Amino acid sequence: MNAPTPNRPDAPAPVGLLAELTHRCPLRCPYCSNPLELDRRSGELDTQTWQRVLGEAAALGVLHVHLSGGEPTARNDIVEITKTCADLGLYSNLITSGVGGALAKLQALYDVGLDHVQLSVQGVDAQNAEKIGGLKNAQPQKFEFAAKVVELGLPLTLNSVIHRGNIHEVAGFIDLAVKMGAKRLEVAHTQYYGWAYVNRAALMPDKAQVDESIRIVEAARERLKGQLVIDLVVPDYYAKYPKACAGGWGRKLMNVTPQGKVLPCHAAETIPGLEFWNVNDHALGEIWRDSPAFTAYRGTDWMKEPCRSCDRREKDWGGCRCQALALAGDAAATDPACSLSPLHAKVRALATEEAAENPPDYVYRTIGSNVRSPLKEEVNS
């Protein structure tokens, strides 16, 4: 799996870099895309290493840097890192919970050239938001933070991860985005990787709820045209075709973890046998072009049928490799979210069954926890 093939496709220039500066976060969201084994503060890259990585990213052709975590403002050097982005001409997007120390650092971030803020909102109702995020009094902090973002003139995107615990609030999220002065709203149905995979039975909505949420979004897009852009990410388990994960494996994006591993996508470490190179040992350009993890599923040569002969193979790039492994037991299989997969009907049935049952309690995201998935036997068995 790891050996680059002699005829491997050339690597296009990456567009975006997700800089996971830390896994520390005041929230404990049960759908978090971070890995189950979270990196500790003691192993995080230092300021100088991040600055070097950003310089290498700019030289490689990266345009956008998403400063993320965890909660990126938990880093004492977040202002220095953001300034480095500005100095290099990299467009910086702060992905934040807006709680803890985020507000206290916002003015300084603006002063050094922060370009954009993406604020997560777990629910419209404060009590529901606190239950989902696992943090008391988070909502007032988020509202105060959002108001300051708008006051400074920074573009604001609200991000709402949708699941059965808040899908009834989709219309409310849209109203909230307008009220807050956001320019964009992401209505992103949960993608079942990381902690969301563990909590799938607690998070899975039913098909009727999903369809209604899509109808609400489409109506709001028309009503609010020119005022609010609404992005919609539909849930894979109810889709006809899969997403192009990260824009296609090793094609557009890369993810640098707090300890310096460079991944083709958030969940890539769930695939056994892949070798992930670290920025402490290799230059970013070398990792992007030649590292075994990035070359493993870049292009189409690795594909099996029906992907290999499908006319969508360079649209969705076979879907998600991590999801194929989780649901089909083979990272090179057709993503079972695709209607052409022999497992597609079983995946839809699994979602329908879980959505019909009473949801179990959330397994909250926690550093140092020994998490085991409560999920039933998967569809590939």
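Note: Cβ is positioned from N, Cα and C throughout, glycine not excepted.
Per Swiss-Prot, domain 'Radical SAM core' is recorded for 11-223, and the stated evidence type is sequence analysis.
Cys29 ([4Fe-4S] cluster binding site) falls within neither a helix nor a strand when secondary structure is assigned with DSSP, and so counts as coil. Residues annotated as [4Fe-4S] cluster binding site in Swiss-Prot: Cys25, Cys29, Cys32.
Apart from Cys25, Cys29, Cys32, the [4Fe-4S] cluster site neighbourhood in this chain, defined by C-beta within 8 angstroms of the site C-beta centre, holds Leu27, Arg28, Tyr31, Asn34, Gly70, Ser97, Gly133, Trp195, Arg365.
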